[in-house]
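Here is what Swiss-Prot records for this protein:
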TRANSMEM  61-81  transmembrane segment
TRANSMEM  108-128  transmembrane segment
TRANSMEM  130-150  transmembrane segment
TRANSMEM  158-178  transmembrane segment
TRANSMEM  186-206  transmembrane segment
TRANSMEM  243-263  transmembrane segment
TRANSMEM  284-304  transmembrane segment
Amino acid sequence: MAEVPIAVPVSIRDEVVPSRKRVKLPPWLEIAKPRLIPLLLATTLGGMALSESWPLPLPRLACTLGGGALAAAAAGVLNCLWEEQLDGQMQRTSGRALPSGRLSGSQAFLIAVALACGASLLLVAGVNCLAAGLSLLGLCSYVLLYTIVLKPRTTRNIVIGGVAGAIPPLVGAAAATGHVGLGGWWLFGLVMLWTPAHFWALALLLTDDYRSVGIPMLPVVKGPEVTGRAINRYAYATVAASLLGVLTLPSGGLFYGLMVLPFNGRLLQMAQRLGELPDDKQRAKGLFRWSILYLFGICLLLLLARTTMAADFSNQLISLLTLPPASAF
């Protein structure tokens, strides 16, 4: 008798990030959520690029990015520690180091303390106290405000809790000048507006998982249609806010303004397509992935805008736009 093949269910995590693209990490590194750190460091660089002091001396740049990475890792560990029981109940997270028993809670706590202390020492000694304080604020807001207070209680958890992910630009600005100027606050606001559309796209993929443990994410409470409309609104707000970078950049603003248009067009297109069919997992996955590339792209454009080439381009364009009209004969 022929053997009947048994279908093996694909995990929700593999649907979002296929396993062939993921590398198995040791448990002490896994709980630090290292895949989230590069985008946080990119926005830190963006905050620096918006200051008059860019480029920074290499030692200060290295200390800022190193301290930021350690602080973000500490926040990730504390998040995993607090949500250990919750993670064990969800398909996507049940294999994490703590719920699977590959790492103990006491070990995780010691790792978090070491990371937080390392971040503070590096930022205080190598950068300045304001950057260190803002980094600590980001850590606390992620763990206390978002993870403990907001996430289990309200559909607005990511709207308000997104402040944690928006603090790195302030750290970058503080590292560059010792204070936070208009550019740093602009990028902070942009990341705040970007976060809901990014995260709700992921939440549409993980609705069943969140529902099973009672986490009131917007798709769980309001449904996919309402979520799709909300994603559209925040996508438009993100695009509008992104254009203000033209005014906040010390140089190269027009270069940035032109180069950001294709990024904005693609973001709006994908948000609109998801709004039309909010139950479509492929569209939700596509927007989630593009939103990550979008924010990386914004930060890259900010860095490129501060180059001599971009500054010259912007100045020449301004000259062309301000030429007096030719005299009529």
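Glycine is no exception: its Cβ is also placed from the backbone N, Cα and C atoms.
Bear in mind that the values here come from a model prediction, so they are computed numbers and not experimental data.
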Same-chain residues at least 6 beyond the ends of the transmembrane segment (130-150) with a Cβ under 8 Å from one of its Cβ atoms are 64, 67-68, 71-72, 74-75, 78-79, 82-83, 116, 119-120, 123-124, 156-158, 160-165, 167-168, 170-171, 174-175, 178-180
Per the Cβ filter (under 8 Å) with a sequence gap of at least 6 from its ends, the transmembrane segment (186-206) is approached by 12, 15-16, 43, 46-47, 50, 92, 158-159, 162-163, 165-170, 173, 217-220, 224, 227-228, 230-231, 234-235, 237-238, 241-242, 244-245, 248, 271, 274, 278, 281, 284-285, 287-288, 291-292, 294-295, 298, 302
